[in-house]
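**Student:** Sharing a structure, written as structure tokens. Questions coming.
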Amino acid sequence: VAADEGILHASGSGVPPVTKDYCIIYNSNWVSLPKTFDNATFRTLENLTSTVLCSSAEVPSGLMKDKAVVVMRGNCTFLEKARIAQSLGAKMLLIASKSRLSAISDNKTDFEDVTIPIALIRYNDIVDMQLVLGNEVNVTLYSPPLPEFDYSMVVIFLIAVFTVALGGYWSGVAELENLKAVASPGERETRWKKEENVTFTPVTVILFVVICCVMLVLLYFFYKWLVYVIISVFCLASAMSLYNCLAALIGEIPFGQCRITCSNKTIEVRLIFLAIFCIAAAVVWAVFRNEDRWAWILQDILGVAFCLNFIKTLKMPNFKSCVILLGLLLLYDVFFVFITPFITKNGASIMVEVAAGPFGNSEKLPVVIRVPRLEHSASTLCDLPFSLLGFGDIIVPGLLVAYCRRFDVQTRSSSIYYISCTIAYAVGMVLTFIVLALMKMGQPALLYLVPCTLITSSLVAWRRKEMKKFWKGSNYQVGWRP
């Protein structure tokens, strides 16, 4: 059975006519659609969604003659509907579905006497068509080829590399301040009070990966409840992260430092306004998160802040912990993308299902960077109008880049580890996009990012004869006490 995505191009009767495209699912084994609508024949759409067309008696004689007909999905087969529509003179059959669009499947040989195009369309799209275009609508079907490359990937690439590079650099700046505090006993206690970092050990790394696995499985089975928990957590965490990022920038500006005192504590007024701004940004996103026209910009800003703060705050103590974390998460990514389709009942990847919203759930997890696709295609209408990159594909390699930057600071190695690992991350992203374009299916980015970054870091350490020190980490630890 072959299920193909296509486009229904609808045109209203106004002057100039208003047009809009909608997603359709058809079977290319039964009918081939033109690649463009330029030379396609338009048909007047007859809305018969009050019937399922399981009997010719349901429709008045002559109503379908030379028209495109849309009926509801019912208990009878597509073949029965198609034969009835064709016998009544219809030139195109659209079947409206209130549930998620699925593959149109029936025995191919049974359709040899059916010559009209048959396609599945969302019922909500039919309703939208009437609201936007009016009751007199002309439609045609076509199926443009998938674009080899979408330029939204360039934007995704720039966001990802910028976030990883900046997060690693910020972590190095914090490390340098810590080293100065250790060298100066007068600043040591003050620095420890400000320090909010968490250091991962091999045991906590394994526990973290186990929690990720459990959470993903729970989301697959209880998505419609847990998705709102994740949205709430994202709002809180992203607001705090945005505050930490912007507060670090504001701290370098020598203006507006007036303070107010409350309960023997003083705080800068500008930080109060900053906190209000960050909370407002998260609340606005939460309210308008399903507004595709602009909400993605706010989600990306909050997401970048979240990733930056995570990379800076969570510290890997040595290369050994990095290898364990990245290796386990690589296996986690590959298993839930490539292996789980052999386990699930519908043959779908658990990772892809959760990212897209299982069973057609309209709420999406806010754990991705989203950029609208710039190339027009059926896939843009049917599945993913956005190019996506998960936060994990930024944070996980970013933790290694941050460790490399801190190791540079500790060993005074002129940023060689940091620059090399950042370049390796960029190469891994390019490799991911190349494979994505060639295979035309979602890829676990860590499958390419982890080997690139780990191998590059190892080669640099080996070439500089510092592998032992790089593997075990510097003697200096953030949590060390004299």
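Note: Cβ is positioned from N, Cα and C throughout, glycine not excepted.
Automated prediction, rather than curation, is the source of TrEMBL annotations.
So TrEMBL says this about it:
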- 60-125: domain 'PA' (DOMAIN)
- 151-170: transmembrane segment (TRANSMEM)
- 198-222: transmembrane segment (TRANSMEM)
- 228-250: transmembrane segment (TRANSMEM)
- 271-288: transmembrane segment (TRANSMEM)
- 294-311: transmembrane segment (TRANSMEM)
- 323-343: transmembrane segment (TRANSMEM)
- 384-404: transmembrane segment (TRANSMEM)
- 416-439: transmembrane segment (TRANSMEM)
- 445-462: transmembrane segment (TRANSMEM)
**Student:** Let me know the model's mean pLDDT on the domain 'PA' (60-125).
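**Tutor:** Its mean pLDDT is 83.
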**Student:** May I ask for the residues of the chain that lie six or more residues beyond the transmembrane segment (294-311) and have a Cβ under 8 Å from a Cβ within it?
**Tutor:** 159, 162-164, 166-168, 170-171, 234, 237-242, 244-245, 281-282, 284-285, 288, 366-372, 386, 391, 394-395, 398-399, 401-402
**Student:** With helix taken as DSSP H, G or I, strand as E or B and everything else coil, how many residues of the domain 'PA' (60-125) land in each class?
**Tutor:** 17 helix, 16 strand, 33 coil
**Student:** At a C-beta cut-off of under 8 Å, are there same-chain residues at least 6 beyond the transmembrane segment (416-439) that contact it? List them, or none.
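**Tutor:** Residues 148-149, 153, 157, 160-161, 164-165, 168-169, 172, 397-398, 400-401, 404-405, 407-408, 445, 447-453, 455-457, 460-461, 464, 470 contact the transmembrane segment (416-439) from elsewhere in the chain.
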**Student:** Counting only pairs at least 6 apart in sequence, do the transmembrane segment (323-343) and the transmembrane segment (198-222) share 3+ Cβ pairs under 8 Å?
**Tutor:** yes
**Student:** Counting only residues 6 or more past its boundaries, what in the same chain has a CB within less than 8 Å of a CB in the transmembrane segment (445-462)?
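**Tutor:** Tertiary neighbours of the transmembrane segment (445-462) are 319, 322-323, 326-327, 329-330, 333-334, 389-390, 392-393, 396-397, 400-401, 404, 416-417, 420-421, 423-425, 427-429, 431-432, 435, 470-471.
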